[in-house]
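Got a structure for you, written out below as structure tokens; questions coming shortly.
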Amino acid sequence: QGGVSVNCGGTYYSSTQVNRAINNAKSGQYSSTGYPHTYNNYEGFDFSDYCDGPYKEYPLKTSSSGYTGGSPGADRVVYDSNDGTFCGAITHTGASGNNFVQCSY
């Protein structure tokens, strides 16, 4: 998965936290939360530096356990649904309505 840290609208996530989110998503143990789910990339972000998709998204959290339910917050990791490769990170912070903007990484 590599070590990619991201900054989503001023919230910093270490590569460990990013990888934890992907691992939680792949485990399926929190699927009752509705995540992970397909990310269709309606915004047209370019994730090709990291992967080609198809994409899934999962909430990013700073807590040691990562997202395990409840409010998903504004930030998401996007990963390749075939192999779990990190693709990118997106956030509702700074976007209009329910849209996303890309995080920096």
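Glycine too: its Cβ is placed from the backbone N, Cα and C atoms.
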In Swiss-Prot, Cys51 is listed as disulfide-bonded to which of the following: Cys8, Cys87?
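Looking through Cys8, Cys87, the record in Swiss-Prot gives Cys87 as the partner of Cys51.
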Among the disulfide-bonded residues listed here (Cys8, Cys51, Cys87, Cys103), identify the one with the smallest other-Cβ count within 10 Å.
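Looking at the disulfide-bonded residues Cys8, Cys51, Cys87, Cys103, the Cβ with the fewest others within 10 Å is that of Cys51.
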If you count, for each of the active-site residues His37, His92, the other Cβ atoms lying within 10 Å of its Cβ, which residue has the minimum?
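Sparsest of the active-site residues His37, His92 by Cβ contacts within 10 Å: His37.
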List which of the recorded positions Cys8, Cys51, His92, Cys103 have their Cα within 10 Å of the Cα of Glu57 (active site, proton acceptor), in sequence order.
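Qualifying among Cys8, Cys51, His92, Cys103: none.
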If I take the alpha carbons of Cys103 (disulfide bond) and Cys51 (disulfide bond), what is the distance between them in whole Å?
16
CA-CA, which of the recorded positions Cys8, His37, Cys51 lies nearest His92 (active site, proton donor)?
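Nearest in space to His92 (active site, proton donor), counting only the recorded positions, is Cys8.
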